[in-house]
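Working notes, structure below.
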Amino acid sequence: MPSVALNSPPPMQTLTFQSRSYLHSAMDAHSSSFSSFSAYLRALSLTPSRLSRRAFSVSTSFDEMTSTRSTSGVHMHRTLRWFDLVGFGLGGMVGAGVFVTTGPAAHQAGPAIVLSYAIAGLCALLSAFCYTEFAVDMPVAGGAFSYLRITFGEFAGFLTGANLIMDYVMSNAAVARSFTQYLGAAIGISTAKWRLVVPGLPKGFDQIDLIAVAVVLIITIIICYSTKQSSVVNMTLTAIHILFIAFLIVFGFWKGDWKNFTEPGDPKNESGFFPHGATGVFKGASLVYLSYIGYDAVSTMAEEVRNPAKDIPVGVSGSVVLVTILYCLMAASMAKLLPYDMIKAEAPLAEAFARWKWVSNVIGGGASFGILTSLLVAMMGQARYMCVIGRSRVVPAWFAEVHPKTSTPLNASAFLGIFTAVIALFVDLDVLLNFVCIGTLFVFYMVANAIIYRRYVVIGSTKPQPTLSFLCSFSLTAIIFTLIWHFVTPGHAKTALLTVTAIVAIVVSLIFNCVVPQTRKPEFWGVPLMPWIPCASIFLNLFLLGSLDGTSYIRFVFFSILVMLVYVLYSVHSSSDAEGDDSLFVKNGEILELQNNSKV
């Protein structure tokens, strides 16, 4: 068998439409779980054995880049460089953060929203390091889904992937609805005139936004056309947007008043830089964390990067650092212009600059550009997640197909674009934000655990118990710290409990680092200071999760139960059927060379 580099796709893996149709037909013929109702009932009777075999079955990096990837037929072209990734990161993150989450977060943190953005940015950077190591080692489009699938098994990957896709759909819908507000501000038309109110529907679901729907559908068409052309569009819009942001920062510091950092607009409200204390700052950080979801979308483009070992670390981590600096400066500029209690939850920047009519109009137009870039990047990310999940057959393989002319996941892009448009049509901003934040934090928490497990455990040659015990005990310590922070009455006792818990977390990490040796060394790029950086990411993600309200947890648990039902009733049977189809792609360890005339 010819050797195949782990970080480059094997040659001659591209399938013609005829070959792909044959393979899918053969799969369907072999796969009997869904061929008839009686066959499905038989499959359900096998659910316990299939769950025991498939739920914790672990894929490998090689499998993900060879036989699993071949399910898509045509390869995505490797056309992106580090500057494309930085552009996608800037476009994906800056477009959403300040324009969507700043308003609700400012009401929680007050002027200290600057620190909220800094904390969220640090948390995102730590998670970005974990993502980068995985993406360099395994440059496929699956992002966190693939990382969890090769580490903790199929079910963990599916639960993570489903949460991420839902996060993307919800956040994209939220950003699209925010576009309507800023566009209205740009041309001087009230948002109420853009939306249709439907009597009888529950509050938060009763305002129909056709503009948001149109924007989502137009961007769907763009991302279906070409990845490289999408990058050109993104770079152009992002360059204009960065100039606009620089203008806002300079203007805000020039015209603002420092007293707004300590004095509210209404004397009845809490005053000071921390009007709601440290709790408000971390609550704000958990809300603005949505602003950083764009770097996750960048990691899904690893399959289309020319030199993953060099381009991905710069593209992912570099964009997070740049965006964090911009966010903090923009938040400080807005806090200087307007007291925190006078900032509107929707279109906060437009309200902060409302005294200058022409500036408010410019903000509306500039924010609209930023929102478009954010949507472009995030919708590319969600489609690539769905594509790779389709490759694993836990959702229909139809989603995995890559179009031979555009080299984009056309089916996944179109389906999720329409789904996003439907959500953006009627669901209000606040409903969307709470759901998205908890899912995002959960996924980043899981990836941080996965990178530690992958460094210290090699399946078949290393006992996983010491590493699993450490991860569980460290997470438990972080949860206890979070509960003490939020529920114990302030005082010396609380300070003592927090100090002891923090010391325990450090000691547990130190013991693990000294006793358990690393069994895997990254070949090209690895997270520095292992395991301290992933541990810090785990701790911060759990702490921010503890800052969310109870309603967010109810929604998250409900959706996770729904995902479990889908896995039990469909996914485990589909992937079990696909187990017998490996011979269609691999025979005696060799990849079948099904070729066509298209360029890989």
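Cβ from N, Cα, C; glycine included.
TrEMBL has this to say about the protein:
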DOMAIN    525-575  domain 'Cationic amino acid transporter C-terminal'
TRANSMEM  82-100  transmembrane segment
TRANSMEM  112-134  transmembrane segment
TRANSMEM  146-166  transmembrane segment
TRANSMEM  208-225  transmembrane segment
TRANSMEM  232-254  transmembrane segment
TRANSMEM  274-295  transmembrane segment
TRANSMEM  316-338  transmembrane segment
TRANSMEM  410-427  transmembrane segment
TRANSMEM  433-456  transmembrane segment
TRANSMEM  494-512  transmembrane segment
TRANSMEM  524-546  transmembrane segment
TRANSMEM  552-570  transmembrane segment
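Of the two recorded stretches, the transmembrane segment (112-134) lies close to the transmembrane segment (316-338), with three or more CB pairs under 8 Å once pairs fewer than 6 apart in sequence are set aside. With Cβ pairs under 8 Å as the measure, the transmembrane segment (232-254) is packed most heavily against 316-338, out of 146-166, 274-295, 316-338. For the domain 'Cationic amino acid transporter C-terminal' (525-575), the model's pLDDT averages out at 88. For the domain 'Cationic amino acid transporter C-terminal' (525-575), the DSSP-based tally of helix, strand and coil residues reads 40 helix, 0 strand, 11 coil.
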